[in-house]
Amino acid sequence: MSAAGILHGRVDARRFENNAATRESPWVRRAILGVALAFFVLFLVLPLVAVFAEALRKGWGTYVHALTDADALAAIRLTLLVAAVSVPLNLVFGVAAAWSIAKFEFRGKHFLTTLIDLPFSVSPVIAGLIFVLLFGAHGWFGAWLIAHDIKIIFAVPGIVLATVFITVPFIARELIPLMEAQGREEEEAATVLGANGFQTFWRVTLPNIKWGLLYGVILCNARAMGEFGAVSVVSGHIRGMTNTMPLHVEILYNEYNFAAAFAVASLLALLALVTLCLKSFIEWKASQAAKDTE
Amino acid sequence: MSIQVQEINKQFGSFTALNNVSLDFPTGELVALLGPSGCGKTTLLRVIAGLETADSGRVILEGEDASDTHVRERQVGFVFQHYALFRHMSVFENVAFGLRVKPRKERPNEAEINKRVHRLLELVQLDWLADRYPAQLSGGQRQRIALARALAVEPRVLLLDEPFGALDAKVRKELRRWLRRLHDELHVTSIFVTHDQEEALEVADRVVLMNKGRVEQVGTPQEVYEHPATPFVYGFLGAVNLFHGRVEGEHVKVGEATLPHDGRDADHGVEVVGFARPHELDIVTDLAETRGVEAVVSRVLAFGASARIELDALEGAAERGEPVHYEVVLTRERVAELALSEGQHVRLVPSSLRVFPREAA
Ligand SMILES: Nc1ncnc2c1ncn2[C@@H]1O[C@H](COP(=O)(O)OP(=O)(O)OP(=O)(O)O)[C@@H](O)[C@H]1O
Ligand SMILES: [Mg+2]
């Protein structure tokens, strides 16, 4: 059990709390707690409440109307489509990258690890511009794409590409430390027992990482649906065609259509809440699993 | 199945883990690989299993070069140093794994798998744990489950990496007897790694002693214990006393004293190190004797059937690079007769010294 504690970096806070030697004086604790709570309410809870309050200010009728508007529905559909393409792509890539980084030694391993973090360190706008530079009408492959009548920028493929790029790190980053901690021994044991590569992966590796993987997928999905910057650059903002939900919110807002903007925004906020619930459920599940296997 | 390894070399970077290792493991024997930590035991076992590729040399299984045979096809059972049980599977599923991953043609049906797993669990005497998960088992139980899992695929050789490493002394003793009995039942060619000399000598048909990636000696437990081939083996297999001196005919001149030696590897005038086990030394209290080496009694530990006496060398031994401690085992009667007291000066008389040239030691 102590190993589990170290492995997951969790030290029971009560140990400090109940120990006179490590306990802080009451007013220090209250002050710190007060600051944290005030910050939490001001920056996290209040905006969330505001979104729903604004969305429903003009009543349910307007709310439902804003969401069933043709452009809004198109934006929702596009957002779902983008997530449905980019999450599975990154699922495959993330597992493959994490697997090779965690379980094998090869040249350029460090470089690959750093590369995976690139989308985190580059501003999303730049990420979008990279794709415009590559596939835009005046980009490197622009002429060729026009000649073959393929549209990437200001079209759905560009939006998918930008989203995939932005969400690359989520799953791989989640899995690498997990797989490294688990080592190669179980896989070696499976191989000695006669399992082939696929059987080893399916029966041994995957069950060991499933909670981490799900966690990564949830985060990846939340980002894929919520991404604004990179998508904004490549989308072209064509109503009913290349607008995702975040872009649609912006357009409505710029048109002073606040009720509709907040109605669509409330859907994104809802997504965030669902994501948080799933996330804490998975964390709980994973810690249960860790307890069972330590 | 017989195993031969021929001239195996293995480097990790610039570090030599295996240095020209050649060994023969005949069919049906239980062989112990014995050596200090880091000497390459695990590496050798992994090379035999195919989990590691040697830089050069060959692994021959049943007369056939297995260098190009995939781990899957070598039909070895491997028990890992840290068990490596599948943590998300029950004990039953762990043992059944090897059967479930067989190609469809060879895979037994569910009833057959059920029967075979339970038979194996009975063999390791843990049938009642079938539904538990590895985390809910004790170290000794995990060990036996790992063994059952390895046996499920009916391996032609069994490789056990420090099977009792993580267990306490009492459980180790039980399990090593149990392993011996199991081997006598199954007669699978087995190699087990250990760094516990007592374990190796007690359980194995033959013992391979390794040091720094080399094989130092191969032989039956009796052979290696009674006739160590190198100073390393002598020192590794039990407590030992060292005497630095020079050969003079039938004797070794150690300081002022002349001690008898066993007559091997000893040309006249050669600088040697003589080895004697604690029970091969006697103590005389008469300092006027010319036999023996003078020492000071530091502790007398008299419990059990025999008594152990620890002694210090006279001043100045350390400066000359000579040993500073001695250990003697005598019978309780002999100790009573000598009536030793701490701080008393005595003489140590070996019945015979096993000598090795100084540079080899
Ligand atoms: N993958 C590796 N990379 C680098 N060095 C290694 C690797 N595996 C083993 N070594 C080195 O090779 C040497 C032999 O290792 P090995 O695991 O075979 O030792 P061992 O005899 O099994 O020791 P122990 O009794 O501690 O298990 C050690 O010094 C170790 O540091
Ligand atoms: Mg080892």
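Cβ atoms are placed via backbone N, Cα and C, with glycine included.
Remember, predicted model here, so these are calculated numbers, not experimental data.
Distant neighbours of the transmembrane segment (A:31-53): 262, 265-266, 269, 273; these residues of the same chain sit at least 6 beyond its ends, with a Cβ under 8 Å from one of its Cβ atoms. Sequence annotations record features per position, and here TrEMBL assigns transmembrane segment to A:31-53 (among others).
The transmembrane segment feature in TrEMBL is assigned to A:73-101 (among others). Within its own chain, the transmembrane segment (A:73-101) has Cβ neighbours under 8 Å at 67, 109, 112-113, 116, 156, 159-160, 163-164, 167-168, 170-172, 174-176, 178-179, 201, 205, 209, 213, 216-217, 220-221, 224-225, 231, 239-245, 247-248, 264, 267, counting only residues six or more beyond its boundaries.
As annotated by TrEMBL, domain 'ABC transmembrane type-1' applies to A:76-279.
Taken from TrEMBL, the feature transmembrane segment applies to A:122-146 (among others).
The annotation transmembrane segment is assigned in TrEMBL to A:152-172 (among others).
TrEMBL lists A:213-238 (among others) with the feature transmembrane segment.
Under 8 Å from some Cβ of the transmembrane segment (A:258-278) lie the Cβ atoms of residues 48, 51-52, 54-55, 57-58, 62-63, 66-67, 69, 72, 75-76, 218-219, 221-222, 225-226, 245-246, 248-250, 252, all in the same chain and six or more residues away from its ends. The transmembrane segment annotation in TrEMBL covers A:258-278 (among others).
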